[in-house]
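Going by Swiss-Prot, these are the annotated features:
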- ASP301, ASP305: Mg(2+) 1 binding site (BINDING)
- ASP301, ASP305: Mg(2+) 2 binding site (BINDING)
- ASP444, THR448, GLU452: Mg(2+) 3 binding site (BINDING)
- 301-305: motif 'DDXXD motif' (MOTIF)
Amino acid sequence: MASAAVGNYEEEIVRPVADFSPSLWGDQFLSFSIENQVAEKYAQEIEALKEQTRSMLLENGRKLADTLYLIDIIERLGISYHFEKEIDDILDQIYNQNSNCNDLCTSALQFRLLRQHGFNISPEIFSKFQDENGKFKESLASDFLGLLNLYEASHVRTHADDILEEALAFSTIHLESAAPHLKSPLREQVTHALEQCLHKGVPRVETRFFISSIYEKEQSKNDVLLRFAKLDFNLLQILHKQELAEVSRWWKDLDFVTTLPYARDRVVECYFWALGVYFEPQYSQARVILVKTISMISIVDDTFDAYGTIKELETYTDAIQRWDINEIDRLPDYMKISYKAILDLYKDYEKELSSAGRSHIVCHAIERMKEVVKNYNVESTWFIEGYMPPVSEYLSNALATTTYYYLATTSYLGMKSATEQDFEWLSKNPKILEASVIICRVIDDTATYEVEKSRGQIATGIECCMRDYGVSTKEAMAKFQGMAEAAWKDLNEGFLRPTPVSTEILFRILNLARIVEVTYIHNLDGYTHPEKVLKPHINALLVDSIEI
């Protein structure tokens, strides 16, 4: 209960305070001292290893299976960003040659790699492994590596790939049965894949796991690739720690923990989110811009969800639409803090991008933010007034409140390659973006349903679905899961060439969907309660280096 003075009277204001847990990290990431000699040594050795790896990739006369395996290992080890053109050229050649393999393992690997790189290879590549009834042959049940690759390939399916629905069911049931009896490290790889498939995983998280838990234990490992991957991971981690220290200092200076104690203090988790969108060194500026934006919109989200009154939120919404510092006097004191911080942040972005002649693109992110706040206000009004909208009305508003239209747009601000045409394309909410947003919405809604219900929130997606369709909670959640699966098919389809924008642009949209899958795994809200889900990932990526 909070009180506010109105005229000569004091009015009691009941606020829906959520009582979020404090940060897990304290000042742990506030400072970071770099050992320049170590970093320089890593960088020098990496250059030599890079050339050795390039020679491996460009080697002539290798079998198709060996080429595909090499590309897969390089990608899983997190070093493929050094060889994007070489890998694309090789896969282009394989696609155009229409090469076919007779074994399940190679066929599935070929299908997945080509699809992930935008080549529309036909799923008919798998028909040779089916019987006359269209079922996968039971003789494949003992080909565990083949089944694992088939399972991973099934997750890049589109709406036209019915055969891959069967592939997913077939591979899953046999892998689940076999997993406890497999030898290490295949056992660990299969167990991990069944919990988190590669295609929907956060690239850095998957790389860390693969280096330490799988490839290092492989008898057939390539020592050059393994050392390259370890050094590259540790060198990038130094950069990531520097960025996190910079962002942590910025966050501490804002002092929202003291001035806005009702909001979640999650700047480290926000950095993990940005790291999931892009980990490569050339995106350093983009990452810092994105993490600051996520941290700031999280404060705004909690203001609407967990503190503001209808009148305050309407005034705040109007002030954001006007985007003028003179509006600040209309706001209650606590809202002035975030309002000024937001306007200052975007001025900083404009100043930072002006040296590259890109300050004009910031307006795209501002417009998206205005949209989010407007939709937050609708959502809060529903909550406070006890209104439960039809599912269609709920979704038309709730897709914007995922913040994913906004974050996708913001993710391009620091990308030097992002053009005005890319921003215009994104502003039309293309199908691939809609898919990523839907994935975020339905996974978030499913994971947070019980908590929101306990707080008296009736206008949730699950509740609206239950009422509209006359179904149980379990059935409503299954419907939402079906929406997520359909959206993943749309997203995968959006990657197939020809595409209206570059793959580099599309990858941000894909990676945003991946982060949601990981953050809300097992229907846990890993952002609000990071101790179970995100803490191990953050430790693996930002605390513990890999032993060389």
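Just so you know, glycine gets a Cβ as well, placed from its N, Cα and C.
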About how far apart, in whole Å, are the alpha carbons (Cα) of ASP305 (Mg(2+) 1 binding site) and ASP444 (Mg(2+) 3 binding site)? 15
Could you measure between THR448 (Mg(2+) 3 binding site) and ASP301 (Mg(2+) 1 binding site) for me? Cα positions, answer in whole angstrom. 14
The motif 'DDXXD motif' (301-305): mean pLDDT? 96
Between the Cα atoms of ASP444 (Mg(2+) 3 binding site) and ASP301 (Mg(2+) 1 binding site), find the distance and write it as a whole number of Å. 14
Please report the Cα separation of ASP301 (Mg(2+) 1 binding site) and GLU452 (Mg(2+) 3 binding site) in Å, rounded to an integer. 14
Would you list, in sequence order, the residues of this chain other than ASP444, THR448, GLU452 that have their CB within 8 A of the centroid of the site's CB atoms, where the site is the one recorded for Mg(2+) 3? ASP445, THR446, ALA447, TYR449, VAL451, THR460, ASP525
Applying a 10 Å Cβ distance cut-off over all chains shown, what neighbour count does ASP301 (Mg(2+) 1 binding site) have? 18
Where THR448 (Mg(2+) 3 binding site) falls in three-state DSSP terms: helix
